[in-house]
Each structure stands twice: as structure tokens, then as C-alpha cells.
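**Q** The active site, proton donor/acceptor annotation in Swiss-Prot covers 73, 183 and rests on sequence analysis. Residues annotated as substrate binding site in Swiss-Prot: 10, 11, 42, 43, 74, 75, 184, 185.
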């Protein structure tokens, strides 16, 4: 047993989609979440800058005595997850491999689409992971640089969001039967994405798949939180406005939370 919290990092609020799923699946686990909304989105930034910022988030979580770190950000996973995983002596989980594995299981036609930030798509990491597991699977990747800002600005339910999503996804409509939401911000746009792609297209939430893998790792390393420990205090931190973060988080997660501002 290990009653220390699980650390989550993201460029902003997108990783809340992973945290929410973990809280649903493992309600007895405690989380510490840091979202770097002041510098979001990470997708358009140079790889070295993403690496620097991500290490700052990692080091912040380490000061909170976490037992595991979850990269709840596809861009950070693509750029620096392997490096962090090798250097830390606690488990470090990324969102890309779980999403890639789920896509292979879901597709019936062998045609998978991947949505992501400019950096995630440029890295080609989803194609690499999917085709390493299933070489015959065709992967069509599409950068969606306007999606994460819609979520960070709490505009993901607006008419503008619908317009942007429909225009962006047009090249993929009718081309794939499975679509990976390769950025943890994108599940907040899920209803619009589903409507744009059609009801028969399977959407893969890489963050939700990641949450399932967290449970497996906790069991493997025997670091589950004691189920008799009732004093659970989730902690949320942001580099931007706590009020803005709190508004999005509470509407998405359906719970009251306390958010603190931090400078990195």
C-alpha cells in the first residue's frame, strides 16, 4: 500500500479529462494536478521549450511527494516522456501508447485517424506506435491547432467551436472508422467531433485509456492507496487564473474543487 498521491501534468485543463476518468475508476486514489495554462498550448512551441516546461511541471510534482506521474498531455508525451521515464525512480505513464493500442482494437477497416497538436502530429509518434503493433493499419494524422485554445478559453460549446471543428475535420470525414483524440483537451469537444465525423466512427479517448493503465501499474508496483484511508484531498494547481481553471474544471468534472496559483 502507498497512500501518496498520483501526480498529473498537462499544458492546461485538458488533462482533467484523464483525472476525471481516474477519479471515476479509482475513487479511493488521491491526485495532485498541475496545469500550465499560462503557457498553453504547448503544440506550436519548439520541442526544446516543451521539454523545459515539462521538466518544470515534473519537478513541481516531485515536491508534492507523488508516487507516480501521469503525462496527461500528448504533446509532452511525444517530446519528453521517454526521457523523464528513464530518469525517475517512480512510474511515469504517458497517454499515447494506451490510445494507440485501443485504436488498433477498435478499428474494423484498418483505417485510423489521429487528431493532435502540431507537435504531436509532426512527431509522427501515433503512426509509429500504431504501426509497430499493427503494420497493416493505415494512419491518417491531422493537426488541429485551433482545438485546444477553444477549450482553454472555455469556448468548447460555442457556435465558433462547431464551425472550427467541422472545417478542420472535413479531410477525414468518410476516410476512417476510428479516430484517436490525440490531445487530452479534445474530449471536451467530443460531441461536436462525433457529429462532424458521423455516429458510426469510433472515438478513442487516449486519456481514458491511460486511466485504465494507471490501475494496472498501481497493482503491478503494489502502490495502491489503502481503501480504508478516507481522508482524500485532491489538489489542483495552475500557472494562470485559478478562477478560470476552476470554472472549466467544475463544469467538466461535476465536483467542487480548490485551485491554487503557482509560479514555475
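Including glycine, each Cβ sits where the backbone N, Cα and C put it.
Just so it is clear, the model here is predicted, and its values are computed rather than measured.
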**Q** Find the one among the recorded positions 10, 11, 42, 43, 73 whose C-alpha lies closest to that of residue 183 (active site, proton donor/acceptor).
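**A** Closest candidate to residue 183 (active site, proton donor/acceptor), judged by Cα separation, is 73.
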**Q** Quick one: among the binding-site residues 10, 11, 43, 74, which has the most Cβ atoms sitting within 10 Å of its own Cβ?
**A** 74
**Q** Under DSSP, is residue 74 (substrate binding site) helix, strand or coil?
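**A** Residue 74 (substrate binding site) sits in a helix per DSSP.
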**Q** If the substrate binders are 10, 11, 42, 43, 74, 75, 184, 185 per the record, what's the largest distance between their Cα atoms, in Å?
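**A** Taking every pair among 10, 11, 42, 43, 74, 75, 184, 185, the longest Cα gap is 12 Å.
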**Q** Could you tally the C-beta atoms, other than its own, that fall within 10 angstroms of the C-beta of residue 185 (substrate binding site)?
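**A** Residue 185 (substrate binding site) is surrounded by 30 other Cβ atoms within 10 Å.
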**Q** I want to verify one value. Collapsing DSSP to three states, which class is residue 43 (substrate binding site)?
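**A** It is coil.
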**Q** Write out, in the order they occur in the sequence, the residues of the chain not among 10, 11, 42, 43, 74, 75, 184, 185 that have a C-beta within 8 Å of the mean position of the C-beta atoms of the recorded substrate site.
**A** 12, 14, 15, 40, 41, 73, 76, 117, 120, 148, 183
**Q** When a 10 Å sphere is centred on the Cβ of residue 73 (active site, proton donor/acceptor), how many other Cβ atoms does it contain?
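**A** For residue 73 (active site, proton donor/acceptor), the 10 Å Cβ neighbour count is 36.
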